[in-house]
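Student: Once you've had a glance at the structure underneath, I'll fire off some questions.
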Ligand SMILES: [Zn+2]
């Protein structure tokens with residue numbers, strides 16, 4: 001088990017020192033010195049580093065590929081670079097980032113025209129939704145309308161799965177993204193309600209009496225995690241207007257997961273799995289922690305808050321993964337602490353987020369070059385590579401607004 005992650009040897013809490021104290025060299029090593037930095041100084045460093053990485057990501061995923069798109073997805077492809085540029089624009093207000101983002105989305109639009117995929121992270125809904133939001137920020141009304149029309153033309157096949165990456169939940173997330181960034185009811189309940197109905201119906205069909213009120217299968221397995229399973233679907237449902245009996249089923253499913261987690265506090269990757277290994281956003285405590293934070297925000301109550309806190313402890317102890325990315329790496333796991341900080345206002349969580357980010361800033365490149373850490377199969381992508389780390393470094397500048405990309409709204 002220990003070979004999946006680095007032992008977390010960072011202190012449980014370090015109070016911020018004054019700038020001159022933290023840089024005076026009294027602290028022994030560079031990571032410890034970073035941990036002592038005042039938040040403002042640290043976020044400036046993270047941002048500076050992020051802007052350099054962003055250039056590298058754009059060069060590798062766009063410039064050097066002659067601006068041709070083979071993989072258009074947000075997960076590993078060009079749309080991920082566009083999403084990163086949108087974040088950079090939000091943080092720095094650099095109009096060039098917005099323009100480049102728009103250009104990349106346009107290429108993704110052409111590349112995805114005949115794609116049957118319908119979700120935000122791996123499908124055409126992500127392209128059209130981000131295109132519309134970028135057009136709005138650019139003040140281009142006609143382009144905005146064009147992308148919204150394309151979005152509304154997306155049809156969902158009847159045999160679509162329900163999970164986030166390829167299924168109904170991933171389409172609904174795109175609808176929520178548009179409603180947040182363009183305006184309430186941009187995609188109305190007339191469009192989303194039948195999709196919610198299908199998800200609830202499918203979940204109840206697989207539920208078993210006295211166990212979990214909603215259950216789903218993807219490729220024959222009953223996954224629990226954020227990417228392909230229950231946690232991701234429940235998370236999206238909590239953004240929707242639900243009927244009282246549906247709310248009860250969502251709560252019941254969450255309680256079932258909490259009750260049946262491993263003694264370690266981690267969560268199985270699928271129903272009945274006894275191998276307590278993965279502490280990823282896609283499988284395990286991190287993705288489920290974000291869903292539990294959402295549950296605590298929406299439903300209140302101590303149970304969800306406590307479960308989210310417990311899951312956060314698992315991530316602190318076992319989440320310093322030997323991978324860099326958002327989906328199954330340190331960058332994604334950092335968002336658990338940002339989410340808990342947003343929920344509780346407790347500065348210890350802000351410290352933990354900082355600590356994971358400092359570890360990446362201080363060591364990731366070196367560890368990757370030494371082969372001690374995996375840079376991702378698609379090493380510049382948003383979900384697997386340094387694109388995700390770059391996104392985190394920019395996002396952490398405003399911790400109370402930060403959110404796991406394409407998951408937390
Ligand atoms: Zn993953």
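Positions of Cβ are set from backbone N, Cα and C atoms, glycine also.
The Zn(2+) binding site feature in TrEMBL is assigned to 282, 327, 328.
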Student: Using a 10 Å radius around its CB, how many other CB atoms surround residue 327 (Zn(2+) binding site)?
Tutor: 26
Student: Based on Cβ atoms within 10 Å, give me the single least packed residue among the binding-site residues 282, 328.
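Tutor: Each of the binding-site residues 282, 328 was scored by Cβ atoms within 10 Å; lowest is 282.
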Student: DSSP three-state call for residue 327 (Zn(2+) binding site): helix, strand or coil?
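Tutor: For residue 327 (Zn(2+) binding site) - judged by DSSP and reduced to three states - the answer is coil.
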